[in-house]
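Read the structure below first, then the notes.
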Amino acid sequence: MSKVSNSGGDSKNTLYCSFCGKSQHEVRKLIAGPTVFICDECVELCMDIIREENKSSMVKSREGVPTPQEIMAVLDDYVIGQKDAKRVLSVAVHNHYKRLAHQSKSSDIELAKSNILLVGPTGCGKTYLAQTLARIIDVPFTMADATTLTEAGYVGEDVENIILKLLQAADYNVERAQRGIVYIDEVDKISRKSDNPSITRDVSGEGVQQALLKIMEGTVASVPPQGGRKHPQQEFLQVDTTNILFICGGAFAGLDKIISARGEKTSIGFGATVRSVDERRIGDVFRELEPEDLLKFGLIPEFVGRLPVIATLEDLDVDALVQILTEPKNALVKQYQRLFDMESVELSFHDDALRAIANKAVERKTGARGLRSIMEKILLDTMFELPTLEGVQEVVISGDVVDGSARPLYIYAERQDEKGNVSA
């Protein structure tokens, strides 16, 4: 029960939170129930607990192992296109669950894991696929950036820090961490800097690949709970990485040229055949990817051998980018409409405006990542003016606005502002 007291000569009753015991003067808000009170801080704490519970899993089947179709159905809600890559990831995660379930049964056959390499041009959804995957599975999941890794003993992060992040995601439960999934982003940035091995020490390239070999294949890693270099005297945790699934992703800029050059016999002199530049899209070229191309790019054979499943992603065309703008649950257009809704203003886009935005992103060759910067530039002036304008009911964006030849149309509650149509 909440406490009520008469302090000194004050005739007013002081109310207290029934959960934490703080008085009404110590908190911003005290909410009254039939016989109890709760403060705003306790409400926030309860919401955090509920959010953590909801994060545990979004997909589960009757047997506790989500089917590939169930995983892909959730990925489809957030990620547009990339059907092949989503199928590969869905099957890999499903098999990961099955392998963990199989471990508890006595069997002569040991199921080995199949680590995955995602290859695709920038802005096609590699990292976003991994982030979405993290939300829908109920095993510990962590993402690591390969560009920050260095060989042991040099300034930078050790590869053991990846396992430390997985441990943190599992709340330092070693058993759960040993069943987790790790996504290593920007793995193309640790390619060998020279075709000739070991001329000089390559601590952020080949050295990192070699350091990753054992933890990707399976070893007992000694992980410092607080980071190894700042606290050398701490006790190490032993984590077996045999059952941790590793997914690596990278843009591999220039790999398409290596693939195109493979198999083409070049000749010189007057009888040489003139070959046109490969005009196919990068995603189409990546479909012909072979492990030998990755070796020429700078990955060492042992590293490629530990990534048996290779999934290639396509570069996004105009139609796919328009879908990305409008269809996913957290689509960019929906995000900006929510921002404008906070100002009690409706934001709408003409179809030609969406296609013009998508065309600009294709020209910049930045994929879906470039859509936000284009939208920000288009809506910047409007977002600057809107809070000080009164009576605006709707803002309409046309194709001319995207091209820069017109200003957004402001529709007021009682009249239309013709000024919005005047050419800039």
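Heads up, residue numbers simply count up from 1 along the chain you see.
Here the Cβ of each residue, glycine as well, is placed from N, Cα and C on the backbone.
Noted in Swiss-Prot for the protein shown:
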- Cys17, Cys20, Cys39, Cys42: Zn(2+) binding site (BINDING)
- Pro121, Thr122, Gly123, Cys124, Gly125, Lys126, Thr127, Tyr128: ATP binding site (BINDING)
- 5-58: domain 'ClpX-type ZB' (DOMAIN)
Pairwise Cα distance for Pro121 (ATP binding site)/Cys42 (Zn(2+) binding site) [Å, integer]: 46
Residue, out of the binding-site residues Pro121, Gly123, Gly125, whose Cβ gathers the largest set of other Cβ atoms within 10 Å: Gly125
Cys39 (Zn(2+) binding site) in three-state DSSP notation: strand
Cα-Cα distance linking Cys42 (Zn(2+) binding site) and Thr127 (ATP binding site), given in Å to the nearest integer: 35
Any further residue of that chain within 8 Å (Cβ to the Cβ centroid of Pro121, Thr122, Gly123, Cys124, Gly125, Lys126, Thr127, Tyr128) of the recorded ATP site: Gly120, Ala251, Leu313, Gly367, Ala368, Arg369
Which listed residue (Cys17, Cys20, Cys42) has most other Cβ within 10 Å, given these are binding-site residues: Cys17
Reported mean pLDDT - the domain 'ClpX-type ZB' (5-58): 77
Whole-number Å value for how far Cys17 (Zn(2+) binding site) lies from Tyr128 (ATP binding site) (Cα to Cα): 42
Whole-number Å value for how far Cys17 (Zn(2+) binding site) lies from Gly123 (ATP binding site) (Cα to Cα): 49
